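Notes follow once the structure below has been shown.
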Amino acid sequence: MLLGGRTAYLSVLGLITAYAAFTIWYTLTAQLHNPCVYATVSIDSKDGIAAKWEVYNSTIVYAYPENGAKRFSDGLSGFDYVCRENWVNESKLDVLKNMKELHDKVRIVVGTRNCRAYLWSVQLQMITGAWLIYIAFLCLRQERRLLGPFRNQNEFLSPTGYTFNYATYTLATTVLKTHYTKFALLLCEASLRRVALSRTFKRDPIGFLCEHSAALALIGLEVGTHFVARLLVVGTVTLVHTPCSQIYPIYLKLASWGFVVAVTIVEIVAIIYEKPPKTGSSANPPTPATHGVKGLCTSCCSTVLANLCGKLVYLLLVIGAVSILLHYEQRIQIGLLGESFSS
């Protein structure tokens, strides 16, 4: 279904896939001596407002705040607890304040971030969300290119490429040993109506959308999914501005910026570029179908089998993808980060 998409949109999907693979590779192979960063204040500080984020320093003595872990500012990963090992208990702060040789080396920690967990639990989930929502956008746009209205009629795709049409034709030819074309003829009629609606849409888009609420809802859903996917893509650049940016190498930050800039450029090109008209594209109606009892049986069987086959394939793909994701994601997560307290 996605093979009929615009080259620009498929390129964006490819960029998201490549960046997801790069993020997984770095998360699994990064040799971080200590994956944590800490928001610290001096031992004499009365509050945590002036906290400063810094990487782990073996010469520093880290201590809990006086009112315990409730003041902690943890990230979204759920694995920041691993950063709170071998700290001085808050009950010992009074003793440390009176030790001149340790006074300047004590830091009160008011926040922690597990930077490896951030990549896995936040950054990668954001990329995955963008990938899934972008696929949803491509599917919605594909359906509109097959059957829906467009102001630019060069966006049209031939309805003969519709999945159920192909499945119906294949089943009728291979299983029933006959030619079934009524579904194709129905799609051709829908194509003619699409052309008429598109002319009205081009002439008066606002009036058309006000008159056709279903078209407004579907086009709004398509635009909304595209917008959300763009937001998630741009949101991945927050990696550069998080406290963890101190611990990440420069090439990871450049990759994050390069990914967002590349997707933005491709999206701008897709907006500016006007799809040229297709040359020599003509859809001839297929040969008439067989009439009578045989034609009726062929029609019913082909339609039912095509729908069942299509739904079964989609269901198996979804179940398989979700099963693989849950199985391996849990194993890798536990191997990398350990058990989460929030799970």
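Yeah, the Cβs are placed from backbone N, Cα and C, and that goes for glycine too.
Relative to the membrane, T112 and L192 are annotated in Swiss-Prot as lying on opposing sides. Around N89 (N-linked glycosylation site), taking its Cβ as the centre, 9 other Cβ atoms fall within 10 Å, counting all chains. Sequence-distant contacts of the topological domain 'Extracellular' (235-251), counting only residues of its own chain at least 6 positions beyond either end whose CB sits under 8 Å from a CB of the stretch, comprise 19, 32, 35, 37, 39, 53-55, 111, 113, 115, 118-119, 123, 126-127, 130, 257, 259-260. Between N57 (N-linked glycosylation site) and N89 (N-linked glycosylation site), the C-alpha separation comes to 18 Å.
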